[in-house]
Amino acid sequence: MGMLRYALLNIKKDLKNNSIYVFAIVISFITVLMVLNCFTNATYFEGVDTVIVDESQNEIVQLDAKLQFFIEEPTLLHGQNFLILFLVVLIFTYFCNSYFIKNKGKEFAFFTLNGATLGDRVKYIMFENSIFFLIGGAIGTVLGFIFVPLSNILMYSISGHWGDIWTINFYMFKYTLLVFLFEFGLLALLNLGDVYRREPVELLNLNNNKSQIDSRHVKVPNIVFVILFLIPIIFAIFGGNTQGAEYAVYVLSFGGLFGLYGIIKYFVPSIGKKLSRMSFTYKGLRKIYIGNFISTLRGSLYFILGLVLSLLYYSMITVRYSIVEGAISSSLYCYVITSMLVGLALLYKTIVEWERKIKEYRQLKILGYSKEEIINIIYKENILFFGVGLMLPVILLLSNFIVYIIAGYFSSLFSLFLIISAVGPITIIGILATIRNKNKIIKEIYPVE
């Protein structure tokens with residue numbers, strides 16, 4: 001059987017997972033098109049090049065050469081914001097691609113065991129990715145064109161510069177093509193490296209690698225992570241009115257991010273292990289849904305860190321460069337889109353993982369668990385995941401917003417809007433994903449009522 005024919009057969013055979021991956025590519029295409037259209041929208045940038053700097057601003061400019069540079073060239077600041085958003089899109093596509101590759105382990109192993117050379121593997125990966133990117137790109141381009149009015153409405157409402165909602169700069173298609181040619185090549189190289197460095201036996205078990213062994217050579221006490229995580233919020237409460245607090249809390253938040261990393265990766269699992277030895281977890285279904293919650297939370301670690309890091313950056317830009325024309329509006333636009341992208345990435349992750357979880361719940365049925373108990377487990381592990389998974393980032397964001405409110409940069413209402421913008425899309429997607437996955441699992445386990 002030829003290599004290309006083998007690839008086509010596997011694409012048809014696993015159409016469901018392939019369709020989910022194409023959906024992720026479609027989302028990334030739509031996002032890039034919308035962002036590029038905003039960045040090249042002449043209506044939005046009308047008057048940006050004629051910024052008037054008053055005396056109070058001149059005093060600030062004399063102290064900050066970078067601020068002066070962005071006041072004189074505001075489009076470069078917007079470009080910086082959108083560049084960060086492009087990186088978020090790239091990471092979003094990479095994570096979706098990595099989950100997709102996990103489901104391809106047996107396929108690659110079979111191909112390798114049948115004498116495929118390195119060149120054959122390159123062709124195989126390039127061919128499959130080409131098909132998915134062409135299909136996803138075509139659908140994403142059409143839908144992106146349709147969503148342009150919504151994107152313009154969002155940007156106009158944030159910036160206050162209103163124009164035709166059908167304003168389209170067709171250069172965005174050329175720039176989008178360049179972005180995705182780069183992304184396609186980068187993902188192909190990463191996929192090749194992922195498959196090349198693994199033996200066939202490893203590829204066969206690629207989808208089952210769930211090791212959570214703590215392999216650290218130097219183990220930092222978990223209390224250190226908790227302290228680092230709490231320092232920003234403590235500083236905001238007790239030192240938020242000091243001079244320069246808005247910059248200090250931003251710097252402290254990076255330590256808080258490291259603390260958040262340790263809490264999710266080490267502290268929460270250690271609490272789970274301690275609870276598993278107590279009678280507490282043996283009451284009802286606690287042991288099962290707590291274990292599932294911890295596993296899901298750890299698997300979402302980098303989604304959560306990426307979300308917090310991006311949102312902290314955009315909120316800081318609105319403070320540091322608030323006098324730069326359009327800085328607040330472009331930052332808020334990127335802020336909202338980033339939150340939506342992370343929510344969609346989590347949706348993709350839950351769909352892929354819950355396809356595999358059907359086997360686990362089928363085993364629970366065999367062990368004698370009722371339909372109501374299985375539904376209870378599904379709901380509780382998701383409530384825990386989205387509750388804790390959103391509460392931890394909100395604490396870090398809130399530490400910055402408290403200081404910004406005290407300093408007069410943000411109002412309480414505006415801060416509330418930012419919090420809702422951060423957690424709202426993810427919460428809605430989480431509810432929809434939970435209901436969808438619950439219905440699918442129950443349908444698979446109990447096909448006949």
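Note: Cβ is positioned from N, Cα and C throughout, glycine not excepted.
TrEMBL has this to say about the protein:
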type	residues	note
TRANSMEM	20-45	transmembrane segment
TRANSMEM	82-101	transmembrane segment
DOMAIN	83-173	domain 'ABC3 transporter permease C-terminal'
TRANSMEM	131-150	transmembrane segment
TRANSMEM	170-190	transmembrane segment
TRANSMEM	220-241	transmembrane segment
TRANSMEM	247-268	transmembrane segment
TRANSMEM	289-314	transmembrane segment
TRANSMEM	326-348	transmembrane segment
TRANSMEM	383-407	transmembrane segment
TRANSMEM	413-435	transmembrane segment
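Taken as a whole, the domain 'ABC3 transporter permease C-terminal' (83-173) shows an average pLDDT of 75 in this prediction. Listed by sequence, the residues of this chain that lie at least six past the ends of the transmembrane segment (82-101) yet keep a Cβ under 8 A from its Cβ atoms are 17-18, 20-21, 24-25, 27-28, 31-32, 35-36, 38-39, 179, 183, 186-187, 190-191, 194-195, 206, 302-303, 306, 310, 313-314, 330, 334, 337-338, 341-342, 344-345, 348-349, 352-353. No contact links the transmembrane segment (220-241) to the transmembrane segment (170-190), because fewer than 3 Cβ pairs that are 6 or more residues apart lie under 8 A. Of the Cβ pairs linking the transmembrane segment (326-348) with the transmembrane segment (247-268) and spaced 6 or more residues apart, fewer than 3 are under 8 Å, so the two regions do not touch.
With a cut-off of 8 Å on Cβ pairs spaced 6 or more residues apart, the transmembrane segment (247-268) and the transmembrane segment (383-407) reach 3 or more such pairs and are scored as touching.
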